[in-house]
Structure formats: structure tokens, C-alpha cells
Amino acid sequence: MVATGGQAQDQSHNQEPGVLCPTSAVTGLPQKRYYRQRAHSNPIADHSFDYPARPEDVDWRSMYPSIQQGQQVSFADIGCGYGGFLITLGEMFPEKLSIGMEIRVKVSDYVVDRIAALRRKGADTGAYQNVACLRTNAMKYLPNYFAKGQLEKMFFLYPDPHFKRAKHKWRIINQALLSEYAYVLRKGGLVYTMTDVEDLHKWIVAHMEEHPLYERLTEEEANADPITPKLYQSSEEGAKVVRNKGDHFLAIFRRL
């Protein structure tokens, strides 16, 4: 355990020092094929992570070079994948700091390099200084990064369904973890969940409705949220579901 902010946002993770990551000649962004990894990772396994002892020890400036004195991360995309929705958050809320948390090393490397490339492209305007990605296990270390009542919004988009009953304990939504999420969420904060697996959706809804610190938004409230339309295909996984004409199951909950 060390006091750290995680991987620096401008660091190259997939090449030898001084060698640029392969980028597209058209977009100038890193090419995903160089960052392929298994679709899911075992969150219970003993991965080796550096993590801070407490939120005060996090070096946020290493991830957000333009962070203002006293400014805090407001939005957390848990299991951010390749960062599509995280980037959308940064564009929608330029005054808010958004963090993506991803357990898979190559995938998190890709997001870090993607953000670095976007920052270079937008250097004249200071674009994308408000988004960052951190490789960590959110199921274990979330309270090490965020203070009580710090977050305004948390996102769980297309999480690993862990179909086998014996692996249900690995699901990112369970009663114990919901209490941790409630701790770092401010009152009135929102938890957004989206999946293409109906069984997992029912599991999420059942567990969150059983928890005393959450209430589900009505359909009218959810539809009025400007973020809702972006949940369907801003992420790479969501876009794949749309292409395949799959189902989306949405549930948004308010912290009481």
C-alpha cells in the first residue's frame, strides 16, 4: 500500500520509453487492437495495485494537471472499459472532474493513452483536462480514493454479469458494496446502471430496492435526465449492443 494517485495520465504504458504508442493516422488516437485483453477480470483475485491509505493521500494533480485548489472528482465511471462514456462525460460537464476506474491493465492503459492523445489534440483549448483513468479494483479500494459524500454520480454500465451462481458474489452490485457506494455518494447523488442482461438487471434492481439508502427514479425522472440518452451507445459496449439490436435495461437510483 502506498500513497499514490495511480498511473500518471500522460504516461505511455505499452511501449519502451521514448517510443510513442501506435496511433491512427486519421484520428491521432491510439489503436485499440494494440490493447486487446480478455473481456472480464476476476475482481476477487489478488491483483497487485498501488493504492492510497486515505483519500487525502491521492495525488489528483498527476491525473488532472489543471485541477483547481479544493476541486474534487464528482463523477466515477466504475469499470469504464475503453473510455467512450467517460469521454462523453468530460464533454458534457466541462466544469466537473470525471474519473474512470478499470481493473484490466491493457484496457486502462488504452484509456490513459486515449485521454493523453485527446489532450494533445485539444492543447489550444485545454480540452479533456477534466477526465482521467485509474487502474484499480473499485470493489476493494473505492473508499481509499473518495471521501464521505464526495461523489455526485456513479455509473455501472454493462458490468460483468458473472452468470454462474457461484460467481454472483463477484457482481459489482451487492448489499455490502452498496453501503460503500452510499458512503462516497452525497445525499441526492445518483447511481446509473445499464446492462443488456435481464437477469443481472433484475438482480441490480432487487438489491438496490432492498437497501435503505436508495430509491429508484421514476421513468419520467430518468427520461428527463440529459445523461440518459448517452448511456445507450456512448460506451463501446453499449454501441455494440445497439449494433446487434440487443436489449438495454436501465435503472437509476437516488442516494437518500
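In case you wondered, yes, glycine gets a Cβ from its N, Cα and C as well.
Among the ranges 1-22, 45-66, the one that Swiss-Prot lists as region 'Disordered' is 1-22. Swiss-Prot lists Gly79, Glu102, Ile103, Asn137, Ala138, Ser235, Glu236, Glu237 as binding S-adenosyl-L-methionine, and of Leu157, Leu200, Leu213, Leu256 the one it places in that same site is Leu157. A gap of 13 Å separates the Cα atoms of Ala138 (S-adenosyl-L-methionine binding site) and Asp160 (active site).
In this structure, the C-alpha atom of Glu237 (S-adenosyl-L-methionine binding site) lies 11 angstrom from that of Asp160 (active site). A straight line from the CA of Asp160 (active site) to the CA of Ser235 (S-adenosyl-L-methionine binding site) spans 14 Å.
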